[in-house]
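Some features that Swiss-Prot has for this protein:
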SIGNAL    1-22  signal peptide
DISULFID  30-50  disulfide bond
DISULFID  36-55  disulfide bond
DISULFID  40-57  disulfide bond
């Protein structure tokens, strides 16, 4: 049972790392993540967040 939980946690951490690095920065300035929703949808991505005053979009 301990091995199962260890594998489950490892898969969860790996999926988070892949999700974080899957972001694509676009050349749109933002002040908050809410400003990135429409530009990211226009770029074909579902999610967006504001990092260092630039929008980063993820599928």
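Positions of Cβ are set from backbone N, Cα and C atoms, glycine also.
Classification of residue 50 (disulfide bond) by DSSP places it within a strand.
Within 10 Å of the C-beta of residue 57 (disulfide bond) there are 23 other C-beta atoms, taking all protein chains into account. Each of the disulfide-bonded residues 30, 36, 40, 50, 55 was scored by other CB atoms within 10 A of its CB, and the lowest score goes to 50.
In the three-state DSSP assignment, the secondary structure recorded for residue 57 (disulfide bond) is strand.
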